[in-house]
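Colleague: Please find one structure pasted underneath; my questions will follow.
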Amino acid sequence: MKNKNSMTVATQKEQESKGFFKLSWFERIAFGSGDMAQNFIYQTVTTYLLFFYTNVYGLNPAIASAMFLGVRIIDAIWDPIVGVFVDKTSTRFGKYRGWLLIMALPLTVLMILCFVVPPLGETGKVIYACLTYVLLSILYTTVNVPFGALNAALTRDQQEITILTTVRMWLVNVAQVAITYGVPTLVIFFSGTMDSAEARNGWFTTILLYGIIGFVALLFSFWGTKERVVISVEEQTNVKLSDLFTEIVRNKPLRIISLMFITAFAIMAIGNSAGTYFVKYNLGDEGLVGIYNVISALPALVILPFIPWLRKTLGKKQLLYVSLIISFIGFVLLFVVPTQWTAMIFVAQTIRSIGFCVVGAFIWSLIPEAITYGEWQSGKRISGIANALIGFFFKFGLAVGGFVPGIVLTMTGFNADNAVQTDSALLGIRLLLAVFPAILVAVLYYIVSCYNLTDEQLIKYGKEIEMKNEKK
């Protein structure tokens, strides 16, 4: 038994010398807290800001949607620049984790400012909204890109990265439950309503509380993680802006993953934006907003812990296929079930959530695979650039998802001043909730079918990379 244990320890040390580290649960939770924090801050904004702008702030939906698109374009251009900067520099606290500490406070402050209604005219309010939202998005990138690269800096072990991603996304969904149920509940508690100018103080107080939670969680993520697999100073100086273009051209897995993120985040943004409108106007009961939103996030808390086992049992592509089919069925039911059948609507939303929570979580674990492939191919481990490119593409998906709802609502005659919407406006809301996302799910299914990087290849590439590093 002693010899067996000695061999196990020796094998583990040998694996760790090659970058295949096993992590403690404390570090897994600390890492996941970083994404939970970003959701408390940024996902709260993306979930409610359009509704806040149209129903509380007083912006026209078309103006709000055009602003969302413009901000997303600026933000998407900024992502790759940050990626190169992160890969070329290091902070005194590490290459990636230091950014969580440095940018935590500025990011939190900008989040809160987005939900302030300034005493300005219509033009002034549009300018204020644009400035605060674009600054928030710019600061978010300086946290999100290095955080996205951090998991690949903790270990090369693909199963460990899957566990990391699972813990991360489980905590994200804890945040989602708090965001989707807690925000409307607290706003109504503080203001008595959530969809008029009288609700502004309730929104501000609620956002302040969520910002503080996000700030503390970011600091915990910084404190509880340790970087182990990073590029050398020599490799760091060799990182160039042109690597942005060469990496996306030569790295096929990264291109396919980028398309997955565009499509998945467009699905999430369109569907999430429509949810509050659907419950308020189609179901006709604003009090159900919190329950409906909890159903969007709650299944993930049950399903996500099983992802490592499901990945081993089904394989990554089959897992994605099954999840996409389930979510497609849920979207179809959301469109065809009569709105009078509230319980069945909630069942349909649960089915959609069960399928898509796996997709939304699992695709994040594919990014380190593309990073490893790129390092094996070019000799450069440019995690920041890879995550910046993913950031560019998922924000492009969010841009589409943020632009489409405002345009559809305007074209179908939605008017925030009307307590009861026209039939065409109600149809527009339901198209956004179910039909557009269902079409994109079918597109995503095809994109997944094009991804062919296997676990066996990744193990082989990882070992070859470490052998090359040992010879240097």
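Positions of Cβ are set from backbone N, Cα and C atoms, glycine also.
Per TrEMBL, the feature transmembrane segment maps to 40-57, 63-86, 98-120, 126-150, 170-190, 202-223, 256-278, 290-307, 319-337, 343-367, 388-409, 429-448.
What's the neighbourhood like for each of these?
Modeller: Outside the transmembrane segment (40-57) by six or more residues, the chain places 64-65, 68, 107-108, 111, 114-115, 117, 125, 129, 133, 136, 140, 144, 175-176, 178-180, 183, 194-197, 199-200, 203, 207, 210-211, 213-215, 217, 269, 272-273, 276-277, 398, 402, 405-406, 416 with a CB less than 8 A from a CB of the stretch.
Away from its own ends, the transmembrane segment (63-86) comes close to residues 50, 53-54, 95-96, 99, 126, 129-130, 133-134, 137-138, 140-142, 145-146, 149, 239-241, 243-244, 382, 384-389, 391-392, 395-396, 398-399, 402-407, 409-410 of its chain (Cβ-Cβ under 8 Å, at least six residues beyond either end).
Cβ atoms under 8 Å from those of the transmembrane segment (126-150) belong to residues 31, 34-35, 38, 41-42, 45, 49, 53, 57, 59, 63-64, 67-68, 70-72, 74-75, 78-79, 82-83, 86, 95-100, 103-104, 106-107, 110-111, 113-114, 116, 118, 120, 218, 221, 225, 227, 367, 383-384, 386-388, 390-391, 395 of the same chain, restricted to positions at least 6 beyond its ends.
Non-local neighbours of the transmembrane segment (170-190) in the same chain are 29, 32-33, 35-36, 39-40, 43-44, 47-48, 199, 201-203, 205-206, 209-210, 213, 276, 289-291, 293-294, 296-298, 300-301, 304-305, 357, 361; each lies 6+ residues outside the stretch with a CB under 8 Å from one of its CB atoms.
Outside the transmembrane segment (256-278) by six or more residues, the chain places 46-48, 50-51, 184, 248, 289, 292-293, 296, 331, 352, 356, 359-360, 363, 366-367, 369-370, 389-390, 392-398, 400-402, 404-405, 409, 414, 429-430, 432-434, 436-437, 440-441, 443-444, 447-448, 450-451 with a CB less than 8 A from a CB of the stretch.
Beyond the ends of the transmembrane segment (319-337), by six or more residues, the same chain brings 271, 307, 310-311, 344-345, 347-356, 358-359, 362-363, 430, 433-435, 437-438, 441-442, 444-445, 448 to within a C-beta distance below 8 angstroms of the stretch.
Sequence-remote contacts of a segment are chain residues at least 6 beyond its ends whose Cβ falls under 8 Å from one of its Cβ atoms, and for the transmembrane segment (429-448) they are 256, 259-260, 263-264, 266-267, 270-271, 273-275, 277-278, 281-282, 317, 320-321, 324-325, 327-328, 331-332, 334-335, 356, 359, 404-405, 408-409, 412, 414, 421.
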Colleague: Let me spell it out: take the transmembrane segment (343-367), skip the flanking residues so only those 6+ beyond its ends count, and list any with a Cβ under 8 Å from a Cβ in it.
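Modeller: Residues 148, 151-152, 161-162, 164-166, 168-169, 172-173, 253, 257, 260-261, 264, 267-268, 271, 283, 291-292, 295-300, 303-304, 307, 310-311, 316, 319-320, 322-331, 333-334, 337, 386-387, 390, 441, 444, 451.
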